[in-house]
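Notes for the one structure printed next.
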Amino acid sequence: DGIGDSHDEL
Amino acid sequence: MNIFRLLGDLSHLLAIIVLLLKIWKTRSCAGISGKSQILFAIVYTSRYLDLVTTYISAYNTFMKLIFVVAAYATVYLMYIKFKATYDHNHDTFRMEFLVIPSLILALLINHELTVLEVLWTFSIYLESVAILPQLFLVSKTGEAESITSHYLFALGSYRGLYLLNWVYRYYAEDHYDLIAIVAGLVQTVLYCDFFYLYITKVLKGKKLQLPA
């Protein structure tokens, strides 16, 4: 988790 | 997915539906800031570019599509279909005062200096302040229709519920994203004054009217 994660929120 | 995030998304969805229905049923967009709606269209366009690169879930894809399409539909209704009812004399907030600083900040503070990531960050920063033209319009006219107040309450609640989601995810999943958290805090704080008026006036059946 953290930097460069895909953004799974809206 | 947790309950706060789901409620936040549903609250966001409700806000969008309320706004579209209000405009459609009354054939009027009086009292609504077209500037805020254009900013939201920019926000969701730049945030959801990952629709074409990353698949997360059917829910995620579906909601993103709804938010983007609804944003453009609202702009279309305001600037084309019901243009005559648009309150442009009062909707005078300058969009560039929000877009340019958000873009500069996104270039300076981001998780990764790539096009998609900077655009995502830009959308988060811009979303946090995109409601300002609408709040400015309400303060200029000194009042808001009840339905507009319900829209604003649902829209404001959405990021507030996301704050709870982030607290939950921090403890449950050890996941946090400082950019989203700080911007979400700013976004929610901007609504505080409105929330106060909504609870003390609109919920008691009165019109939202600002003190002279």
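Including glycine, each Cβ sits where the backbone N, Cα and C put it.
Heads up, TrEMBL stuff is auto-annotated, nobody curated it.
Copied over from TrEMBL:
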type     : residues  : note
TRANSMEM : B:62-80   : transmembrane segment
TRANSMEM : B:92-110  : transmembrane segment
TRANSMEM : B:122-139 : transmembrane segment
TRANSMEM : B:178-199 : transmembrane segment
The transmembrane segment (B:92-110): which same-chain residues, six or more beyond its ends, come within Cβ distance under 8 Å?
33, 35, 38-39, 42, 117-119, 121-122, 125-126, 129-130, 132-133, 136-137, 140, 179
Which bits of the chain, at least 6 residues beyond where the transmembrane segment (B:178-199) starts or stops, bring a Cβ under 8 A of a Cβ in it?
109-111, 121, 124-125, 127-129, 131-132, 135, 138, 149, 152-153, 156, 159-160, 162-163, 166, 208, 210
